[in-house]
Amino acid sequence: MGFHPATFQLTGFPGQEAAHRWISIPFCVVYVTTMVGNCTVLCIIWADRRLHQPMYLFLCMLSVNDLGMSLSTLPTVLSLFCFGVADVAFDACLAQMFFIHSFSFMESGILLAMAFDRLVAICEPLRYAAILTNPRIVRIGLAVVIKSTSMLFPFPFLIKRLPICKSSVLSHAYCLHPDMMRLACADTTVNNIYGLFAILVTYGLDSVFIILSYVKILTTVFNIASREQRRTALNTCASHICAVLLFYVPIMSVSVMHRFGKNAPRLVHILMSYAYLFVPPVLNPIVYSVKTKEIRKGISRIFSRDLM
């Protein structure tokens, strides 16, 4: 067992410590928007039994996951920017790292499940209800959770075995595996190899299957004779496509920046890292509210009830 510091020191925006209180305002807005947006989606689907269908049940999973992601980063981000508390206990940092990466992996799996839902709805519409039964949806959800958490289970132990002696200062206002690993003064080959394996098995395979699903969907759609039916079929996929782009584009951007943008200003790296964690949870409910007619109707009913 290696040497570990009692605490890690979080970092906000270097050189802007005096402005951290002001910087906390947009973070608070993002958290409130995320909570209100995702809770609204959950309440609308829960209250309307007509929406207890596979597409909306998967959307519930996405909203719960986005809430989990936001709650995972909230304690350290707000404590740093609002109250200037930069220290986080070693074990608390490990726990936060586990939950952040787990929810990120789960989001990828849920997006894959939603792609499968759209594939069945468009390519096998007559068998849709028979294939995506409620018990099967529950099993899919459990499989996503088990796969993600089991893939992340070794990460805290891989960090705990390393002696942390280079520094105790992290690069962000939250704990991530690569950030903690770089502080070790020992060989991190095992961490690197397993980290790459976990990424390929989750993001890599999930993205490949999502692309293959949409290849099959587009092939089926363009074989439909009616232009109106083609437009309707593609419209049902619009929200999911936006959610996939909101999730994978920041991840790919961060990866590219780490490998090819080493000369870019540090502020750019920091902002890209925040975008990777904060953009999907805050924008997913907005996208589904704008693009999904049933969700829009539910929001309209809530506002009309409040105005009466």
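Using N, Cα and C of the backbone, Cβ positions are placed for all residues, glycine too.
Sequence annotations record features per position, and here TrEMBL assigns transmembrane segment to 23-47 (among others).
What TrEMBL lists as domain 'G-protein coupled receptors family 1 profile' is 37-288.
Marked as transmembrane segment by TrEMBL: 67-86 (among others).
Marked as transmembrane segment by TrEMBL: 98-116 (among others). Sequence-distant neighbours of the transmembrane segment (98-116) (same chain, 6+ residues past either end, Cβ-Cβ under 8 Å): 55, 58-59, 61-62, 65-66, 68-69, 72-73, 140-141, 143-145, 147-149, 151-152, 155-156, 174-177, 198, 202-203, 206-207, 209-210, 213-214, 240, 243-244, 247, 277, 280.
The transmembrane segment annotation in TrEMBL covers 137-159 (among others). For the transmembrane segment (137-159), same-chain residues at least 6 beyond its ends with a Cβ under 8 Å from one of its own Cβ atoms are 54, 57-58, 61, 94-95, 97-98, 101-103, 105-106, 109-110, 113, 116, 177, 180-181, 184, 190-191, 194-195, 198, 201-202.
Positions annotated as transmembrane segment by TrEMBL: 193-212 (among others).
The feature transmembrane segment is assigned by TrEMBL to 233-251 (among others). When Cβ-Cβ distances below 8 Å are used as the criterion, the transmembrane segment (233-251) is approached by residues 55, 62, 107-108, 111, 114-115, 118, 121-122, 203, 207, 210, 214, 217, 220-221, 224, 272, 275-276, 279-280, 283-284, 287-288, 291-292 of the same chain, each at least six residues removed from its ends.
Taken from TrEMBL, the feature transmembrane segment applies to 271-290 (among others).
Across the domain 'G-protein coupled receptors family 1 profile' (37-288), the prediction's mean pLDDT works out to 89.
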